[in-house]
Amino acid sequence: MEGKEGPPCEVRLPTPGAEREGPVHPELGAFGESASDAIKLSETSNDAKKEEIEEELDPRIQEELERLNQASEEINLLELQLDEARTAYRRILTESARRLNGLATQLGACIDKARPYYEARRLAKEAQQDTHSAALRYERAVSMHAAAREMVFVAEQGVTADKNRLDPTWQEMLNHATCKVNEAEEERLRSEFEHQRVTRLCHEAEAKVQTLQKSLKRLIIKSRPYFELKAQLNTILEEHKSRVTLLENSVAQAKLRYSGTLHNLEKISEEIHARRTQSSVLSQRAPPLGAEAPPSVKDGETGPPADTVSLLSLQTIASDLQKSDSVEHLRDLTDVTSLDGRETGAVESGGSRERGEDRGTGGAFRHHRSVSL
């Protein structure tokens, strides 16, 4: 049994917003697609231009990256040298201990018996160095004291030059020179006392060395190879230790430079991100396409190109056609007005007859719209 057909005038209309079943006018569809493609291409080109401008206007990134690479290479090189220096120091230390232990086994107990003499010699040598340093400080304090006294003499001459008037400049200079004399006098007395003290200690250390040398003469001669070798090895170890310390300081400085370069790159990245965020906010606040009226053209000036105006008009038409898919929207219209403002009553009457024929036959609904550019 065949299905019951509906009334002849009943037409099943598409829901608003659904896809249109009928084909869109080929020229309008092409114009809409070309307009959309043009807008996408313009946005892509604008983004690319913005990125190129940012790269061109901010060359600091390349400079900081070069510094970062240099610092990284320097750190790697210095760490390799530091590892080699530490390995050499440990090797020399182990070899020194082995040689000294072997020599101590050969010489026997004379090393321990002669050790006070060599310890006294070491203390006497340190006392001599302290005495020399104290003497230099005392001489410098004496020179400063003499210069301060000379300044006081000059200031007194300036103050007493004019007996009828007291010059405040010379008075201030005299006060300043007097303070310098007092400070220099205190430093001279302090350095003199220190020099006397270390000189006395040096004399005592030298006297002790002489006493031990007389009492331990045979043991000193017998154990001399051991202590001479020990002094040589200590000198070599001190040199390697100084090199290790120097390399450690160099590595620390290189790492500080590397960290500073990373910090600079982070700051540059934050600045670029802030600029991009601000640019995106400004672009979102920009008026939409066609919202602003075109500026009036003055005499002697040319307006915008005809291609640009046509493109904007066609884009608006295509958007309207895509939105007006519902026939109910067309039924509510009492008049159909062309794009140039002229009334199209004949088109409306023709369209009514076509709709009546379509309803009588139950065929598909067709929609014709007059477009005048």
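Every residue, even glycine, has its Cβ placed from backbone N, Cα and C.
Remember, predicted model here, so these are calculated numbers, not experimental data.
Of the candidate ranges 1-36, 37-72, Swiss-Prot annotates residues 1-36 with the feature region 'Disordered'. Mean pLDDT, taken over the coiled coil (170-258), works out to 92 on the 0 to 100 scale.
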